[in-house]
Amino acid sequence: MQLCVALDLPSIEENLSLAKSLKNYDIWLKVGLRSYIRDGKEFLKQIKQINPNFHIFLDLKLYDIPNTMADAAEEIAKLGVEMFNIHASAGKEAMQSVMQRVQKFQNPPLVLAVTVLTSFNEEQFRSIYNDSIENKAKQFAKEAYEAGLDGVVCSVYESDLIKNITSDTFITLTPGIRPFGESAGDQKRVADINLAKEKKVDFIVVGRPIYQANNPAEVVEKILTNL
């Protein structure tokens, strides 16, 4: 299991300061919509300058018509990030288009499909999709697997179910991780490290418990020790 730290702070200075404090660790860093829209490609370069071995997960959740998604995926692949994501609900054709486009690169990034956002609870989800989170997450994951993607973004609770219907090597990345039982915040389906391990999760994304800590490096050290 690998750790991905969310760079979700209000300014580029704070995010870079956090990255610098973690430069000695073999970790992934997640750059989301807010940070990328505000700070752009330059921010990605600055992260790599701090530690060229940092792995970057660009969390933009592409969702559009197939050709537009493929065009955007090609531009992302040119950025040199190691992983990015798209929405599975865009459909299998869109997912296949993305994979065909990124596979042209010598070192293509990993591509993950978002199944069900961890901010949904069951009631909210049913009101939109008229189905359970588990059923829909499995359906989206199966389609992503068949489309040739590398894995999915899901909650801890769907991770092992998804591997059972796809492959043990099909990546599951889970947000909403509260390593040692911290407050859930705006996430609904959260879990700790032990449950993530039990459910065969490959990547855990941790944000607030790290960047709101007095000593983020200490928290990262503790998490890595428990992986």
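The backbone N, Cα and C atoms fix where each Cβ goes, and this holds for glycine too.
Annotation source Swiss-Prot lists substrate binding site at Asp8, Lys30, 59-68, Thr118, Arg178, Gln187, 207-208. DSSP assigns Tyr63 (substrate binding site) to coil, not to a helix or a strand. With a cut-off of 8 Å between CB atoms and residues at least 6 apart in sequence, the same chain places Met69, Ile86, His87, Ser89, Ala90 near Tyr63 (substrate binding site), listed in sequence order.
The annotation active site, proton donor is assigned in Swiss-Prot to Lys61 on the grounds of sequence analysis. The Cβ neighbour count for Lys61 (active site, proton donor), using a 10 Å radius over every protein chain in view, is 17.
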Task: Site with most surrounding Cβ atoms, counting all protein chains shown within 10 Å, from the binding-site residues Pro66, Gly207 - done: Gly207
TODO: Identify which of the binding-site residues Asp8, Leu60, Thr118 has its Cβ surrounded by the largest number of other Cβ atoms within 10 Å, counting every protein chain shown.
DONE: Thr118
